[in-house]
Amino acid sequence: MADTLEFNEIYQEVKGSMNDGRLRLSRQGVIFKNSKTGKVDNIQASELAEGVWRRVALGHGLKLLTKNGHVYKYDGFRESEFDKLSDFFKAHYCLELAEKDLCVKGWNWGTVRFGGQLLSFDIGEQPVFEIPLSNVSQCTTGKNEVTLEFHQNDDAEVSLMEVRFYVPPTQEDGVDPVEAFAQNVLSKADVIQATGDAICIFRELQCLTPRGRYDIRIYPTFLHLHGKTFDYKIPYTTVLRLFLLPHKDQRQMFFVISLDPPIKQGQTRYHFLILLFSKDEDISLTLNMNEEEVEKRFEGRLTKNMSGSLYEMVSRVMKALVNRKITVPGNFQGHSGAQCITCSYKASSGLLYPLERGFIYVHKPPVHIRFDEISFVNFARGTTTTRSFDFEIETKQGTQYTFSSIEREEYGKLFDFVNAKKLNIKNRGLKEGMKQSYDEYADSDEDQHDAYLERMKEEGKIREENANDSSDGSGEETDESFNPGEEDDDVAEEFDSNASASSSSGDGDSDRDDKKPAKKAKIVKDRKPRKKQTESKKGKDPNAPKRPMSAYMLWLNASREKIKSDHPGISITDLSKKAGELWKAMSKEKKEEWDRKAEDARRDYEKAMKEYSKADSHRGERSKKKKKKQEKLVKGKGDKKGTTSKSSSSKSPAKGMSDSFKSKEFVSSDESSSAESKKEDSEDEGAASPPASSEDSASGSD
């Protein structure tokens, strides 16, 4: 038989909520690890008193009772796993795994049994329901009635808040059954009552979450935060972890208390209690206990009289009462020598601390991410400037955390830390130029090459080119709105340096007018050549020879299929990165072979271009001859139109005289005009344009 049994996707019932996790049974005992909080419940084999197997809502469940009265419930088993579990309990724990079914008759009259920390309502020998008394927040009594109130569960959609029991009167003298019922409940319930004096009090401590100044009263079983507006009572059983973190300025300290379940104020939940201390604050502390009680309870971890820094005293007392270790930053050291990184999370600036087993961000909102719940991390380009980058973390549950505005100098240190912790990096190819192998970290800090910075620069160039291309087709509005903060004269100078054509009238206007009209004139002049460029791009001859490929591109086309077969499922970006690695590692002899092929391709291209240019010149001569024929035809049509204009001039001589007087000067000026205007006038066959009619009338008068 195996020494261990492991079960995934098992649910533990805690205060009405079902927390999923992993259950492991071994010779030493039972271990359950909560997937959400990382909390581990460890039950020693010697402490197990009873094991019960029963049918529940999520299949089948296992209930374990310990000798000190604690009850643990685990659901999510399959029916076929009963035999395996039963044999394991017999072999390693010497316990019979009993099968007990719940009563489903629906009766509301029965008997109540108190066993350890469990209240069981039974009908006959079968239990109807069970209530862990640690879930009870308050117990009140009335005439023949007991009311139990429960802690609210934030994770459950529907929470049971109250149960009432009717207790019939008995004939026994001197015993009140209602009070006896209530005392049994209160002895095991999680009811916080500030009875007696506090062990010690820390006054006016600065608290960042929840914000304000609070007096902290330390009681044997809970922590009492007393402020001007709110009070909080925090049982030590709800404390998950303790953190002591140095501030980046080296003058202050954070003391962070992780809570589950969190403390509540209205609809706000505080999963972390964050205290801020100055290193210069000192305190002398005297515990409200005699020396024998201190020695017996704390076993040398605390003494009756203590003195030192305030943050040291608070952390020392909390560690002794909660009985948990204090987590401090590990061996990580940033660019400035601090053990944290300045960054932003959800539009608030804070500090990210890389720990030995996770990351913690303080302070608004505080976040703690364990390494075992991280799916992958990602180093992303900064959204506003290349001087910073973003650090993204995605958990196995799909939650994504983005820590932005991290200084570029921190990149190397953080990358090496993530590599050392063997976390999955999404864009792992970023630092390939720095190291030959990801498993070697010795030279990463000394190497000056930063592949991530080079990639950001390349992306910036591409982004600028895309912006220029989009401005070609979008007109003035794109350039006007690109830099709204720039002054008008700066924009005018920018267009002036790029202008490709100007006229004497435009220069004169720019000298006489103010700056705004000058800017507009230059923008209009600058647009014309740009449009011609785009038109020329569109009219590119498809028959023209294609440019020759470089040696690398020739090799890549020949090797692409081999790389795909060697790395099935590889993406396009990863394929290009891999090809770059292979090309870089290739010997000079092999590269020279591809260089020769590229040189041959270049010669072929030059030869093809000479032939293409000759053919293009022949095509140009033919097009010129065709244009001359068209011009002759247009001229012949113009002569025919002149004869019709003669008849119209004879009918109205006065008008013809005035036209002939004007047309002589007009014809002489028109002869020096461009041929394009003549062509446009002659193409309109429906009606003669004014310049053409005046020319014809002048010839008629002559």
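For all residues, glycine too, the Cβ spot is worked out from N, Cα and C.
The annotation region 'Disordered' is assigned in TrEMBL to 458-550, 609-702. Annotated compositional bias 'Acidic residues' per TrEMBL: 474-496, in sequence order. Sequence annotations record features per position, and here TrEMBL assigns compositional bias 'Low complexity' to 497-507, 644-660, 687-702. What TrEMBL records for 517-531, 621-630 is compositional bias 'Basic residues'. Annotation comment: TrEMBL describes 532-544, 609-620, 631-642 as compositional bias 'Basic and acidic residues'. Per TrEMBL, domain 'HMG box' is recorded for 545-613. Feature annotation from TrEMBL assigns DNA-binding region to 545-613.
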Inset, instruction - Sort out the residues at least 6 away from either end of the compositional bias 'Basic residues' (621-630), same chain, that have Cβ-Cβ distances under 8 Å to it, and list them. - result: none
Inset, instruction - Would you report the average pLDDT that the model assigns to the domain 'HMG box' (545-613)? - result: 86
Inset, instruction - Taking helix as H, G and I and strand as E and B in DSSP, count the residues of the domain 'HMG box' (545-613) in helix, strand and coil. - result: 56 helix, 0 strand, 13 coil
Inset, instruction - With DSSP as the yardstick, break the compositional bias 'Basic residues' (621-630) down into helix, strand and coil residue counts. - result: 10 helix, 0 strand, 0 coil
